[in-house]
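Okay, so here's the structure we're looking at.
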There are 2 protein chains.
Amino acid sequence: MKKHNYSAGPCILPQEVFDKSAQAILNFNDSGLSILEISHRSKDFVAVMDEARSLALELLGLEGKGYKALFLAGGASLEFLMVPYNLMKEGGKAAYLDSGTWANGAIKEAKFFGETVVVASSKEENYNNIPKGYSVPADADYFHCTSNNTIFGTQMKEFPSLDMPIVCDMSSDIFSRVLDFSKFDIIYAGAQKNMGPAGTTLVIVKEEILGKSGRTIPSILDYEKHIKAESMYNTPAVFPVYASLLTLQWLKKLGGVAAVEKLNNAKAELLYNEIDRNPLFKGAAAVEDRSNMNATFLLNDAAHTETFDTMWKAAGISGIPGHRSVGGYRASMYNAMPIESVQVLVDVMKALEKAI
Amino acid sequence: MKKHNYSAGPCILPQEVFDKSAQAILNFNDSGLSILEISHRSKDFVAVMDEARSLALELLGLEGKGYKALFLAGGASLEFLMVPYNLMKEGGKAAYLDSGTWANGAIKEAKFFGETVVVASSKEENYNNIPKGYSVPADADYFHCTSNNTIFGTQMKEFPSLDMPIVCDMSSDIFSRVLDFSKFDIIYAGAQKNMGPAGTTLVIVKEEILGKSGRTIPSILDYEKHIKAESMYNTPAVFPVYASLLTLQWLKKLGGVAAVEKLNNAKAELLYNEIDRNPLFKGAAAVEDRSNMNATFLLNDAAHTETFDTMWKAAGISGIPGHRSVGGYRASMYNAMPIESVQVLVDVMKALEKAI
């Protein structure tokens, strides 16, 4: 039976990424060697890394604008640490928007370095909305936000304009919608949503903001060292970077970020319309902040849980139970999910309505 | 033509690891889903992580001895930072043995934290030997060494007995020989030699040594947090961990570390005998410190370089040019390399002798 994979991440990727990466494990570039056994310094892999770095910038419209792309290890959680190490001055301060669990994790790490101002938080409302109407201290060294909150199903639709570097964790919606990415000075994203499998993290840095914190930075955490080494300061995660390149190539062929955004809007509209129409369901997030990547919703009557769960499982759907912090359901509709899979879920929701 | 892959790392892995991991990318555990698209919290992947962690301890004879195994991100280079963060007291000191480029990298990171005593160094001799006869300050918080120096082709045959935690970077020879691993308190190793593809790092920690530094440790660098989260503090590198499990399963079927050590000794003996016998070649490392993983050697007369290079390439050999710090050649003979491939290299060396 066809599977409809709604996993929040690691998540669905294009079938051609599976096919091509499986082939590369058996025989990479017709070399007679596996992608798993070649040196990261080999010509073939250096070409992979170079193309992945430049394609990431191209897809975001950031080529020739003073940015460098890096594929680092350690996940977005390591960036929580690297960002203040590289940007927060000794005795300086940073401003953070607290819009969810991961934003909160970033705040905790920043506090190791210095004054960390939380400009606004929706924690008291269990992060069911994006805080708005906040002001950012003019003397902050940088402003940090999280564009999409996977757990709660909220997404920032607008970003502030500020006279300081803006850092954004885009782990769960990068490459899914058109933004003026040149508003940001650092963008980082764990690969395991729209970019590839788990195991590598894309970090995009505007070079001119670096080298100003006055801190001595351990080598492995220093963006300047990684840039100088062309993202090969130490052995990169060869296979995850290769599979990410395949995913970015797929996106480019599809027409890029603008083309996939239209598909993502159509998928989100289809599902949210049903959540709002169907009397059995309600959305979990504030309507104006709803994420096009992760739709969180609940049954109005928990007594229907078992019936609904049996029905979606029978339809080949997996990965939609909600995170324990929200409960209910979470349908993650990343770039590679076809609208046909969303239709299957909507049909199950309609069938539930008829059945009871 | 059959390839003989002498790459220093990432490097040759067993063919069954390639076959099984390619299959898992197309359909993992007959789930209809790829290993690249499943949640790290799914039952199937939690089982992979649990088995990989316990099998690593089992193969090293460390089960039930107070150790925990973690699969972390960031490479051994991130451990250079995590070790002092977790073990070096505020105002304390650490003792390091400087036996090569990576040992030196570890020393540089430790210096960010406090007094870092280099107990001995072979840097002046271009690291062609393992320093001996050193003494370690009794008041050091820990002693750090590197068991095998990939670049220079040297390997520690003996380790000191000390009344302090011993930390060892075993990136390039873990699982290749029998040692009393319980002498060590932290063992770490980037996967990309004997354990799997690039992208994950095995860290084995004796739990009782943690929590004593008095430092506040950023969450992502705190071994205790990773242990508490059962190596899932953040999203692990799913595929690299899975391919590492396949490699460890292969090693267990082969008979474990003792069995592979015999094969490794036979391969090393075959090649070093030829290096010593053949008047055209000489070894680069001190004989008593020669590595069984990486044999470094040079032509006595550089004029034969082109002829030799043409011959080994024609024989299907790849990856033997030496590191720029040493020059000449480096033949890396990790666990998965069959002795037949070593024989091919030895035959080429003999053929060169006849040809000129």
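Cβ coordinates are placed from backbone N, Cα and C, and glycine is handled just like the others.
Per TrEMBL, domain 'Aminotransferase class V' is recorded for B:5-345. Positions annotated as L-glutamate binding site by TrEMBL: B:R41. Taken from TrEMBL, the feature pyridoxal 5'-phosphate binding site covers B:A76, B:S77, B:W102, B:T150, B:D169, B:Q192, B:N234, B:T235. For B:K193, the entry in TrEMBL reads N6-(pyridoxal phosphate)lysine.
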Could you tell me the C-alpha distance between the residue listed as 'N6-(pyridoxal phosphate)lysine' and B:N234 (pyridoxal 5'-phosphate binding site) in angstrom, no decimals?
24
Entry from the binding-site residues list B:S77, B:D169, B:N234 having the most other CB atoms no farther than 10 A:
B:D169
Chain A contacts among the binding-site residues B:R41, B:W102, B:T150, B:D169, B:Q192, B:T235 (Cβ under 8 Å):
B:Q192, B:T235
According to DSSP, folded down to helix, strand and coil, what is B:A76 (pyridoxal 5'-phosphate binding site)?
helix
Under a three-state reading of DSSP, tell me whether B:N234 (pyridoxal 5'-phosphate binding site) is helix, strand or coil.
coil
I need the CA-to-CA distance for B:Q192 (pyridoxal 5'-phosphate binding site) versus B:R41 (L-glutamate binding site), whole Å please.
24
Work through the binding-site residues one by one (B:T150, B:Q192, B:T235) and point out the residue whose CB has the fewest other CB atoms within 10 angstroms.
B:T235
How big is the pyridoxal 5'-phosphate site in terms of the longest C-alpha to C-alpha distance among B:A76, B:S77, B:W102, B:T150, B:D169, B:Q192, B:N234, B:T235, in angstrom?
30
Neighbourhood of the residue listed as 'L-glutamate binding site', C-beta criterion under 8 angstroms, separation at least six:
B:M232
Does DSSP put B:D169 (pyridoxal 5'-phosphate binding site) in a helix, in a strand, or in coil?
strand
Hey, does DSSP put B:W102 (pyridoxal 5'-phosphate binding site) in a helix, a strand, or just coil?
helix
